[in-house]
Amino acid sequence: MESSLAAIANSGPISIFSYCVSSILMTVTNKYVLSGFSFNMNFLLLAVQSIVCIVTIGSLKSFGVITYRQFNKEEARKWSPIAVLLVIMIYTSSKALQYLSIPVYTIFKNLTIILIAYGEVLWFGGKVTTMALSSFLLMVFSSVVAWYGDEAVSGSGNESFIALYLGYFWMATNCFASAAFVLIMRKRIKLTNFKDFDTMYYNNLLSIPILLASSIIFEDWSAENLAVNFPSDNRTATIAAMVLSGASSVGISYCSAWCVRVTSSTTYSMVGALNKLPIALSGLVFFPAAVNFWSVASIFVGFAAGLVYAVAKQRQQKENVSLPSSK
């Protein structure tokens with residue numbers, strides 16, 4: 001029994017499969033809740049996810065599966081600006097996913113990579129190689145193709161047209177918020193020496209009071225609105241999806257570390273690029289989305305862009321490793 005469990009724990013294919021499943025699960029469950037009839041309590045959804053995340057990693061820690069540092073007030077004070085940025089990022093992400101289909105959301109999310117790359121050039125002395133630049137051009141092209149595919153479908157209705165561009169507004173805001181979050185968090189991690197689960201613990205713990213306060217202040221908690229957000233015919237399924245999406249966020253983090261441990265960072269980066277294809281396709285399978293030549297083409301162009309970017313980053317890492325020995 002122990003040998004079979006050890007074999008699973010050290011299996012590359014199983015770790016890769018688990019990472020892909022957890023990524024798809026979180027995206028699909030979020031979309032299920034957010035695309036519900038007139039769902040408008042995004043802050044509540046995000047608060048529930050953060051609470052579930054804290055409970056889950058706390059349980060895993062008690063069983064000795066993971067470890068993270070104890071709560072420290074001074075560390076929490078220093079980390080609080082990151083938590084605020086996280087709230088902005090996940091809220092704008094939820095709003096974008098509410099209005100856009102999963103394939104379009106996934107494709108436009110690639111544009112965040114461009115902002116982060118040039119942010120690293122400005123703040124950390126990074127560089128953008130020719131191959132990386134080529135992947136950026138492919139990302140922009142895939143986004144234009146996705147926009148054209150959505151435009152072709154939504155052009156007939158005024159309401160859907162407004163909702164579409166509202167989705168693009170939230171997506172653009174999310175790209176900038178995500179880039180700011182990643183870049184500033186990277187700088188803070190270097191100062192605090194946080195590990196993955198330390199980061200997850202503080203991010204979610206500090207986000208909970210912000211999200212709950214925002215929900216109470218900005219969202220309608222009347223009985224009528226709660227009935228709209230949680231209709232009796234699918235109330236249980238909606239709540240279950242909210243809880244499941246919170247647990248799957250832990251799964252993504254755990255499976256990421258698992259995948260890197262039993263394979264390599266190179267394999268993991270390739271899996272991250274390849275995983276965009278099944279996530280985007282899951283949106284076409286599980287939800288009503290624009291299915292035409294342009295929407296399908298944009299998925300595969302975006303997939304190719306992610307693949308080219310992963311290869312570019314691998315080559316750059318190899319060059320960086322070989323630099324000290326060349327001196």
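Placed from the backbone N, Cα and C atoms, the Cβ positions cover glycine too.
For reference, Swiss-Prot has these:
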TOPO_DOM  1-4  topological domain 'Cytoplasmic'
TRANSMEM  5-25  transmembrane segment
TOPO_DOM  26-36  topological domain 'Lumenal'
TRANSMEM  37-57  transmembrane segment
TOPO_DOM  58-78  topological domain 'Cytoplasmic'
TRANSMEM  79-93  transmembrane segment
TOPO_DOM  94-102  topological domain 'Lumenal'
TRANSMEM  103-125  transmembrane segment
TOPO_DOM  126-131  topological domain 'Cytoplasmic'
TRANSMEM  132-149  transmembrane segment
TOPO_DOM  150-163  topological domain 'Lumenal'
CARBOHYD  ASN158  N-linked glycosylation site
TRANSMEM  164-184  transmembrane segment
TOPO_DOM  185-207  topological domain 'Cytoplasmic'
TRANSMEM  208-228  transmembrane segment
TOPO_DOM  229-238  topological domain 'Lumenal'
CARBOHYD  ASN234  N-linked glycosylation site
TRANSMEM  239-259  transmembrane segment
TOPO_DOM  260-266  topological domain 'Cytoplasmic'
TRANSMEM  267-289  transmembrane segment
TRANSMEM  293-312  transmembrane segment
TOPO_DOM  313-327  topological domain 'Cytoplasmic'
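By the Cβ criterion (distance under 8 Å, sequence gap of 6 or more), the transmembrane segment (239-259) is not counted as touching the transmembrane segment (79-93), fewer than 3 such pairs being found. Sequence-distant contacts of the topological domain 'Cytoplasmic' (58-78) (same chain, at least 6 residues past either end, Cβ-Cβ under 8 Å): 188, 191-192, 194-195, 197-198, 200-202, 205-206, 250, 254. If you look at the transmembrane segment (103-125) against the transmembrane segment (79-93), you find fewer than three C-beta pairs under 8 angstroms, all six or more positions apart, and that falls short of contact. Highlighted: of the candidate stretches 5-25, 37-57, 79-93, 164-184, 293-312, 293-312 has the greatest count of Cβ pairs under 8 Å to the transmembrane segment (132-149). Most Cβ pairs under 8 Å with the transmembrane segment (37-57) belong to 79-93, among the candidate stretches 5-25, 79-93, 164-184, 293-312. Beyond the topological domain 'Cytoplasmic' (185-207), the same-chain residues lying 6 or more positions past its ends with a Cβ under 8 Å from any Cβ of the stretch are 46-47, 50, 53-54, 57, 66-69, 71, 75-76, 78-80, 82-83, 85-87, 90, 123-124, 250, 253, 256-257.
Per-residue confidence over the topological domain 'Cytoplasmic' (58-78) averages 90 (mean pLDDT, predicted model). Under DSSP, residues within the topological domain 'Cytoplasmic' (58-78) fall into helix, strand and coil as 11 helix, 0 strand, 10 coil.
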